[in-house]
Every structure is written in structure tokens, then in C-alpha cells.
Amino acid sequence: MNQWPRNPPTRNRSIPYAHPQQEEVYNIIPIHSLLTDHPSLRYPEVRAAAAALRVTGNLRKPPFRQWDPNNDILDWLGLLFGFQNDNVKNQREHLVLHLANSQMRLQPPPTIPDSLVPTVLRKFRKKLLQNYSSWCSYLGQKSQISLSSRRIGIGTGTGTAETMDLRRELLYVSLYLLVWGESGNLRFTPECVCYIFHHMAMELNYVLDEKMDPNTAQPFWPSVSGDCAFLKSVVMPIYNTIKTEVESSRNGTKPHSAWRNYDDINEYFWSRRCFQKLKWPIDLSCNFFATMPKDRRIGKTGFVEQRSFWNVFRSFDKVWVLLILFLQISIIVAFEGDNSNPLKALEKRDVQVKLLSVFITWSGLRVLQAVLDAGTQYSLVTRETMLLGVRMTLKFVVALTWTVVFAVFYGMIWSQKNGDGRWSDEANRRIVMFLEAGVVFVLPELLALVLFIVPWIRNTLEELNWSVLYLLTWWFHTRLFVGRALREGLVNNFKYTMFWIAVLASKFSFSYFLQIKPLVTPTKALLAANNVTYNWHEFFNNTNRIAVVLLWIPVVLIYFMDMQIWYSIFSSFVGAAIGLFSHLGEIRNIGQLRLRFQFFASAMQFNFMPEEPLLSPKLTLVKKFRDAIHRLKLRYGLGKPYNKIESSQVETTWFALIWNEIIVTFREEDLINNQELELMELPPNCWNIRVIRWPCVLLCNELLLALSQAKELANESDQSLWLKICNNEYRRCAVIEAYDSIKYLLLMIIKDHTDEYSIIENLFREIDNEIKNGKVTEVYKMTLLEKIHAKLISLVKLLMQQQRDLSEAVNILQALYELSIREFPWAKRSILQLREKGLAPRSPATDAGLLFENAIEFPDDDDAILNRQLRRLHTILTSRDSMHNVPKNIEARKRIAFFSNSLFMNMPRAPHVEKMMAFSVLTPYFDEEVIFSLMGLRSENEDGISTLFYLQRIYEDEWENFLERMRSEGIDNDDDLWNKKSRDIRLWASYRGQTLSRTVRGMMYYYRALKMLAFLDSASEMDIREGPGDTHSFGSMNLNSSLNGLHSGSRNLNRASSSISVMFKGNEYGSALMKFTYVVTCQMYGQHKAKGENRAEEILYLMKNNEALRVAYVDVVHLGRENVEYYSVLVKYDQQLRREVEIYRIQLPGPLKLGEGKPENQNHALIFTRGDAEANHFGSS
């Protein structure tokens, strides 16, 4: 009978199901208030999913509960089955996010984005309940998923019917998520969860179909209801059983057969006995539960581990059988054949018959296998698994019978031959009879070989849950629910077979010709030796035979072990071939990076350009072929597909934003210094430069080489000289950038509306005209470029100084004027001609010696952008080495190489961030270091070495980069460093140790990258062209929050103020949060807070500076002397409230740790992850 007692008053610590009075704290999306100004709510898919959950309609309201009109179907399920309030809230957000992300990926997009598309829900339901459906089919049970048989499409069917089906499907999905979210440790037993869901879905169907309770003749209500009823009535009994079993194991030291672990509990639900014994509501008197005595309790039902060295043979029996049989064959052939060709020995009938003895050996090995199976699995045999014992016995009897049969037949052959004195017809008939028995013996192996060759047949048979197939396969293996239909495809099987054929052919050839055959002659000689007198005492009668045994023992041992050597050899060759064809590690040094860097922008644009789906398979193949050709051109520069990309193009600026963000990250991590930053960055377009401004590290020495070519080819035409320079893309860009920079710089330092300004304008206009006409080498002396180059270097050096000498600048400009106007042209021009061309002062009274004296106006000394451009120009003008040592840091080189190689690898095209699959990262953390303390860094060990001193020696260059960064923030001495920047020192050291802060920083790069890509996906061409301005001015950079901290709703970040993040429009945060979730399972965080430990403060610091970081921990609440409750709690740092807030608090059935601590630590936080994929990261554990 279903009873619904009224709720008694609850304690303050309990978690009753009721809506909170104050404004709810949300995790990622404020679903409770869809009108909130939040970047995630701008997506209509989110609103559509949330609206679909609110369609409660005519659902029967649970009795003895106050119904809120704002409740949705998850609230209804929570009241109906007694789920916890925070479990409902958690799974509501989980479901909304999943449906919204799935609908975003829908192709083609729905015509009505504000409504939930039924096909999205159907795919999610099939994926979520796939294991449940397979479990029902495996056990022959009817699934409780009762849906309309007609297919619901977009805009099909009547509105009411479609809404009812959609709601029913949502109810099944929501029910499973609620069951899964509150199962606690039972999540390690997925088929147990299926059993629970099966019966709860059945009761849900009774309620939805408005059936009557046969016991009360009243409307049917679930058997489990009330506050925390699901946890207390369903989860806790099974949990307590697992807990009792673990406690009886003496911390896992007892034999595996003496107690049940998670897998053993789960395997109980792989047979129909669970329905007969457990029933529903759960019968606590069943021998499954720990309430029964140990001797009456059911034991293991699937697998038991017996620790023995015989497992080496039992687990690899096929390999051992192969090696032993070939050894026997090789010995027979080697002893019976001649020294030349072993195939000639096989032509002898005696040898052929002797080879038949391998069947006796083979059947004997099967006897051994049957004995080992029985010896290791005997504890599985109980009254409920008698068939397993029968099968073990029959296998032993059958194997022994085959051994006897082959031995008898083999003896009959030789007795007939010896009686006849030759191979008579009767002897041959007995051979045929032996072969017929052998064919019957190997039939199962032949069948397995056929199924291996055509794997889809075996996969299909294993997926069929027919009783006939179960009877046919019962002899060979125990029926298992897991591990079915996992065979590889035909192509992979073929490659796998060819690999092992090569390995075995090499191994057996080597063994026969170099191990076994050379021992035949000495063995025969030893056995043939008679009447040998030994000078020592003979311990055995047959000393010659003992010598033979000692001779063969090392060879046989090597024979059995050297397959691993051959496997390693062939694996290395195959791995090298795969890496070669996959283009792994092609870019290994700066030299190779220089060759490929000019293709990076096109390669990145190609990889990040979403692939449009093609409906026709033929068009899809054509598209794949074209992509392969295009990728090949990008990889090797064939046909120059990059088309000399210039800085005015969006593609180049798009790449520069990403590349500079990578370089900024290197500087934030102190992998490079400020100089290396400037050498490696891709500066934004400025000073009217017409070409892409490649990193200085690529332009080094190129201008000087161009000057040398101009001097050598001074008598050649412009075309030949320019073609020679353009053979190198970086040289071409260096020449043009230097020319445009000098032109802009000279016009910048000369006052407007002066004769000098007009002279410079006219000079460059004249040079531009000669370049356009192709007459530069005819008009100007190329040999004079070196003198002009030297003067320009002097001018740039002067402008880079803090105190600029005006008279020196005048002298340099006058010298440049003399060189450029009077000496540089081949033709000498008078002062009148120069005035006509605007290359001399307009007034004849002006003394040429006073030129530029009153026309120079130095720019501001504090102009960081100008100083940065001057340093770049000076590097281009003066660099003579190749700069192959930039960057010096090995870690930075590795990362650049990895990034560079990934651009040219064969990988799928990246979709837009909105279209990508959402994913989560889970990091288990127990009690390790979060951030190193100052005392811990300074304290010395017995050798007088402190941790900080050790790190400074190991990462010497990174420590120097750190000090340079601190000096740029105003720290001049060590005292200020320790007093004012102590946290920065701790962070620097922590990022180079095995700490949680290092792991968090690395994982948060996902979030940072997603925000950047989300901006680039939605940015207009104008946004990308404008760029962030001076991309990386580190003069005022504050990396105190160098954990990539972001303040919600604010674009003023505590990192380089000119990073790409200043271009964000706000929606990037919502996109990144919807696609990426990072949860750190700090199991002891609650205890750390209660004790006031530094770890709690440091974890709070991580949350404060990483808005996407969530921390899950286990809170232990003592309600009395013996009454203890355990809660799984999720917290975050609220940037608006500026404090830690609790998001969810879900009660657990008991203590977290039953088995191994790490997986159970992850399991309790698994319910807080989001998305289609989940990854575990163990960097801090």
C-alpha cells in the first residue's frame, strides 16, 4: 500500500524539498530567472529548453505537498519520488545546458529557435538511456520507456499530442538524471542504477496513465515518497551493503573471493534473479543485503580473482599454446631433416606422422587450462551458479577425452606401421582417421578465425540477446553484459593480422635457424657418445642426457621470452611510419619554424574555418579530396596558396591576435623575457606599413642581406634585383617595412608646414615613382645604400635615448639630406633643379647649413608605443645573427613546436564555439599543496638547500624573467620583493612544483582559449581590423592575479591591459561557460575551512581569480554523538557579492570513501560536471 505521511518538522541541518525564500545562487545559468541580464541567456536555445521543462499541464499534483505554479517537471518529480531540492536544481541546469548545446549544433538550424526541437530531445534520451535499453534487452525485460510509436518531427503532429509526447520524454530523461544525481556511490554500479530506474519509471507510467492502486482502489502513487525518501529508502540499503562488504575485507587485504566489491555488486544485476529476489519496493530480507548473515549471503556471481603465478599461463594461454606447439614442430623437423632445407623433411611420411603428435600436446594443454579454470574460479560455484560448476567439470572431461583419443589413435598408427613394416593402406587409413578427429577438434578455432576475419558478424551475434545463441556460446564463455560487440573493423583487423604475421614470422624464423637447429648436431653427438669416462663424480646415471637438458634450458627460456623483443622492434617501425604519415614533429627547431611560419595564417584560417555539411556523399568525398590537396599545399608551400598575405587583410590580423596571445602567455609564465616578447610578437599594423609585420626573430639579418644583394646587383635591372629579394618572403617584408617605417618616422619628427617636411615628402614621392617605373638602379647608386643605412641607425639610436641631443639629430638629418639628395642619384642636379622638384628650401636666402635646425620636434619620451616601434625598427636595421636561440627557454620551444605541428596535422576542422561539444574537466585533490608557503620556500633541508634556491637553479632563466617582470612593476630590491610581492614569489614557485595552483592555471587555459575563439567567431571584419591596438604593453602589467582571473561583468582585467580580452563584447563569457566546466574535487576543503587552514584561503584565492572554477567538497555535519550526515557541496566565488557562495548541497548516503579514495572523490563531484565529454586530470593528485 502506498502511504503518504505528512511531513514532520525537520531539523535545521536537513535538506527538505522547498523553494528558498531568498534569491537563488546559480552555477552557470540563472535558470530560475530567465529575465536576468546574463550572457548565456541571449541564446534562444537556453530559453527554449527551460520553457519546455515548465510545461506541467495536467500532471497529477502530489498529495500533502504545496504546489507552486512556477514549478516545472523536475520539481514535480522531486515531490513525487522524494528527491532532494538541490539535486533537482543541479539536474535542471544539467539538462537545460545539454539540450541547449545540442540544439545549437543542430544542422540545419531550426526555423523556430525559441522552441525545443523534439529530435534533439530524442537523441539525448537515446544516448542517456542507451545502457538501460541494452540492459533490458539483455535480461529480456520490457523497457519502461513508453512513448508514442509515431515519429515526431519539427512542426509535425497536433500541438497537444506533440507536447504530451515531448513532456513524457522529458520526464523519463529528468527521472534518470535525478536517480543518477542522488545515487552517490551506487554510480559505480551502473546496472544497479538501471534496476532502480526501471521500477521508478514503471511507477511513473502508472501515475501518468492515471492507473489505480489495486490494494487501495485509489489513484496510484509511488511506493517511495517523502523528504529524502529516495536516498533513505532506495540508496542507503544498497550503500550499507557495500559498506559492510568493504569493512569485512580488512582494508582490501582479504582474498578477493571472500568479499564483494563494486563490480561484484553490479554483476548481480546481470541476471534475472535480481527481479525475483530484490523485487520492488526493495525487499530488505533478500540474501543480497548485508542484513543477512555472511554464510547465507549471496557471493560473487561473475568473476573472482585468485592470485597465483599460474595466471601467467591462464591469461595468455593462446600465446603459450602457439609457442609450445611450434617448439615441438621445430624440434621434430630439425632432428628428422637435413641441414639444408627444412621443407624436404616434411616430404617424409615419418616426419608427417610425428608432427601429428602436436594434437596430443594441444589437447594436454587444454586439460591444463581446464584445471586452472576450475582452480581459480571454484569459489564462484554456489547453489545459484551450479551451471558454472557443471561447465568446468565437462570442460575437463572433454579435454581429457581428446587427449586420450589422440594418444590412442596416434599409437594405432605406429603399431600398424611397425606391424606392416611400411606405410600400408591400413596405416594410411588410420592417419586419415586421426586427421578427421583433428578437424573436429579444431572446428571451434576455425569458427573463431572466421568470426575474426568478418568481425561485423561476431558483433551482430553478440548484440543479439537470443536464448539460442546463449545456449550455443554457453560452452565457450560466461555470458557477460559488458564487453560485447567491441571487435574492430575489417581494415583494422587486416592491419593487426599483418603486423602479427610479420612479428611471428621473424620470431619463428630466427628461433628455428639460429636457436633450435644449431643445437641438433651437438645434441645428437652427446646422445651418441658411449663409455665416456668422467674425471668428476657422476651424480646421475644418464649424464649425457643431463648435459643435453642443461644445453637446451637457456635456449628454450630465450625462445619463450624473445617475442617481446621482436614485438618492440616492429612496434618501433610501425610507430615511426605512423608518425611520418601523420606528420608528427615535423617542425622541431627554429630553422624549420622559419620556413613554415609564412603559411601559419592560412593554415590556421583553414583549420578554424567551420566545415559546411554536404548532403550528397559524392560532394562530401570531393570536398575531402580538395581539403587534402589544400592541406598538402599548406604543409609544403606548393603553389604558394598563401598569396603573399599582407597586414591589411583580416586573415593575417586574425592569426596575429591568436599568436600574440600565445606569446603573452609565455611572458605571463616567465618563460620569455620582455626582449624575447618583442622579438616574437606579431605587431599590429601601424605607421602605414604595407606588408605583414613578421616577428623580428624571422626578419633578423634579412635587411643586411638585401643590402648586400643590392650592392652586388647594382648594374642589374630593378626586376632582377627585386626577384632576387622576393625569393625570400621575410626579406621582402623586411625591406618594405624598413622603407615604410623610415618614411613615417622622418615625417613624424619634422614639423608640419616647413620646408624640411616638404623636402622629405617630395623625396619619398620621387623614390616611389622610380620604383613604380622600375628605374631605381638606373637613377640611384645602390652602392651608397650602406652609408644611408648607417646614418639611419644613428638616427634611430638617438631617438631611443632618454635624453635626445637636438644638435646631433640636426647633423644626422643634414648628412642624410646630403647623401640622399646630392650623392645618391647618378645625375647631379643644380640648386634650381632641386627647388623645382621641391628637394631644396624655397627661399634662396636660406643657408643650407641651417637645414633642419628649427624643424625637428621630438616625440614624447613616455610614448611606450613609439619606443616599442623604434626598438623593432632598430632590430631590423642592425640584427646580424640568425637568432636561432630565441626563445632560450626549452619549455617555450616545446610549446611552439607543438602548436606549429598541430596546424599541419590531419585533423578535423574546428567548428564555431557555439557549435562545439561542451566538456568538463575534473581534478581530484585531497590534501596536497595549493600554493607554496613562504616558510616552506625558505626553509632549508639537511644539506642547507631551500626549495626556492633549488627552483632558482633549475629554472634560472625563468627566475631572471620573473625579476625583470617585478622590476617593471616598481620593485627595485629584494626587501621590497619579499615584502610587497610575496604572493608573486609563492605563485612563481608553485607553478614549478606539483601544486593545485599549477593545475588550475593550465586547465583554465581552456576557458581563456574558448573566450578568444568565441570573440573571433562573432567579431566583425572591422573589429578584427582595428585589433587591440598596442597588443602587449607590459610596462604597467600586474600579474598578481596571474591565474587568469576574470571579474564577471567587467572588462578591466588584471593582466596585460591591451590583451585581446579588452576587445570582448560580453557574450564571450557566456559561450565559454556553457562549453567548459572545471570542477576541482577538494574533498577536505570543508575541514580546512573549519580548522582555518591556509589551504582553504588559497583555494578561495583560486576561485576568486578564476570565474569558471568550481570546487566540490564533502561536508561532514554532526547532528549528535552518533548521528552524522555527509553532503556533497559545490561552491564558487561570486564576483558581485565578493564572497564564496554555496550553489548545491546534496546529501550522501554515508561516508565518501569505501574503496579507493581517488575515484570516489571524483564520483561525488561527477554530478556537477556538464557537457558531452568529461576528462580527468591528475596533475595535482
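Even glycines carry a Cβ here, placed using N, Cα and C.
Annotation comment: TrEMBL describes 167-283 as domain '1,3-beta-glucan synthase component FKS1-like'.
As annotated by TrEMBL, transmembrane segment applies to 392-413 (among others).
Taken from TrEMBL, the feature transmembrane segment covers 434-458 (among others).
TrEMBL lists 464-482 (among others) with the feature transmembrane segment.
Among the features that TrEMBL reports, transmembrane segment is placed at 494-514 (among others).
The transmembrane segment annotation in TrEMBL covers 543-560 (among others). Residues 323, 327, 511, 515-516, 519, 522-523, 526-527, 529, 532, 534 of the same chain lie 6 or more positions beyond the ends of the transmembrane segment (543-560) yet place their CB under 8 Å from a CB of it.
Sequence annotations record features per position, and here TrEMBL assigns transmembrane segment to 565-584 (among others).
Proximity of distant same-chain residues to the transmembrane segment (392-413), defined by a Cβ-Cβ separation under 8 Å and at least 6 residues beyond the stretch ends, is recorded for 353, 356-357, 359-360, 363-364, 366-367, 369-371, 373-374, 377-378, 381, 427, 430-431, 433-434, 437-438, 441, 475. Within the same chain, residues 322, 326-327, 330, 333-334, 342, 488, 559, 562-563, 566-567, 569-570, 574 sit at least 6 positions outside the transmembrane segment (494-514) and bring their C-beta atoms closer than 8 Å to a C-beta of that stretch.
Summarising model confidence by region, the domain '1,3-beta-glucan synthase component FKS1-like' (167-283) averages a pLDDT of 87. Within the same chain, residues 499, 502-503, 506-507, 510, 635, 901, 904-906 sit at least 6 positions outside the transmembrane segment (565-584) and bring their C-beta atoms closer than 8 Å to a C-beta of that stretch. Helix, strand and coil counts from DSSP across the domain '1,3-beta-glucan synthase component FKS1-like' (167-283) read 75 helix, 2 strand, 40 coil.
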